[in-house]
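Inspection log for the structure reproduced underneath, given as structure tokens.
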Amino acid sequence: MSDIDPTVRADPLPEDHDRALRPQMLSEFVGQAEARANLKVFIASARQRGEAMDHTLFHGPPGLGKTTLAQIMARELGVGFRMTSGPVLAKAGDLAAILTNLEKRDVLFIDEIHRLNPAVEEVLYPALEDFELDLVIGEGPAARTVRIELQPFTLVGATTRMGLLTTPLRDRFGIPTRLQFYTEDELFIIVDRNARKLGAPADEGGAREIARRARGTPRIAGRLLRRVVDFAVVEGDGRVTRALADMALNRLGVDHLGLDGADRRYLRLIAENYGGGPVGIETMSAALSESRDALEEVIEPFLLQQGLIQRTPRGRMLAQKGWTHLGLDAPRAQTDLFEG
């Protein structure tokens with residue numbers, strides 16, 4: 001049961017094209033074993049008690065399934081699902097319009113919740129705690145507060161920047177859940193299943209090659225799979241083999257670690273222009289013509305997880321593994337540092 005109102009939707013999400021590939025129930029969801037096990041308990045408890053499930057916060061890098069899990073929660077709870085995002089809720093009235101239209105126990109999903117307007121956030125507090133909305137009508141001496149009773153609902157927030165959430169908002173989520181990068185085996189299962197759904201079955205080598213280069217992220221795995229299927233249809237026999245996947249991914253500029261051109265430009269900038277670092281994030285942003293947020297949210301998490309770069313108080317540095325991946329020798333001073 002899913003009611004996505006286009007008037008409260010953000011711009012189309014990158015994964016909207018992969019809707020047919022998304023799992024519909026928790027039992028179909030691969031990965032995030034700890035989060036799934038806990039959510040299963042919380043959903044069952046809410047259903048048995050006939051109450052709205054506690055407010056839930058999903059946080060972690062983009063593309064790990066935050067939106068999908070929120071939709072699954074609503075489906076398994078048997079309630080309606082409404083979706084919006086932090087930047088869209090510019091005024092308190094925008095939030096009030098959504099909250100007053102929620103049915104009993106509905107799930108409201110707010111993506112990028114760390115980007116909520118502070119004025120909107122203040123209105124959200126009593127709604128989360130007491131299911132009441134306090135709105136100020138009028139201005140100056142004639143202003144008065146109107147209290148609106150709301151139906152009990154579940155707010156599901158999603159953020160890639162947990163540290164940017166204010167403490168009062170963060171503390172109002174009873175179920176904070178961190179999503180982790182996926183293992184290669186988990187991504188292999190996802191790729192294998194989705195290849196069949198796309199009508200282009202993959203052999204084990206082909207599916208594993210895509211999984212290996214997907215940066216631990218299902219969204220990226222889905223995107224790479226679609227492109228490899230294009231090559232399989234046009235330049236192959238319709239099947240995704242290891243040789244075809246390797247050829248297609250190399251032509252797409254995705255190397256054996258899953259790094260693309262943007263990642264390699266980032267690493268080469270530190271190596272070739274700044275002697276391996278340290279170099280400040282603002283300098284990196286200007287040199288690469290990328291926003292600081294794009295570097296910190298999209299590029300750096302996987303490079304850090306793979307041990308290719310280091311974050312230091314003085315800036316970013318290339319780790320020994322980063323030099324090795326680029327096929328370059330670290331400067332002598334850095335070599336001594338790594339060995340020491």
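Using N, Cα and C of the backbone, Cβ positions are placed for all residues, glycine too.
Together with L21, R22, G63, K66, T67, T68, E129, D130, F131, Y182, R219, the ATP site in Swiss-Prot holds one more listed residue from R172, R208, R212, R227, which is R172. DSSP assigns T67 (ATP binding site) to a helix. Over the region 'Head domain (RuvB-H)' (256-340), the average per-residue pLDDT in this prediction is 84.
Highlighted in sequence order, G280, I281, M284, L295, E296, E300, G315 have their Cβ within 8 Å of the centre of the Cβ atoms of R292, R311, R316, the residues recorded for DNA, and are not part of that set.
Helix first, then strand, then coil: DSSP counts for the region 'Head domain (RuvB-H)' (256-340) stand at 50 helix, 9 strand, 26 coil.
Note on E129 (ATP binding site): other Cβ atoms within 10 Å of its Cβ, all shown chains, come to 10.
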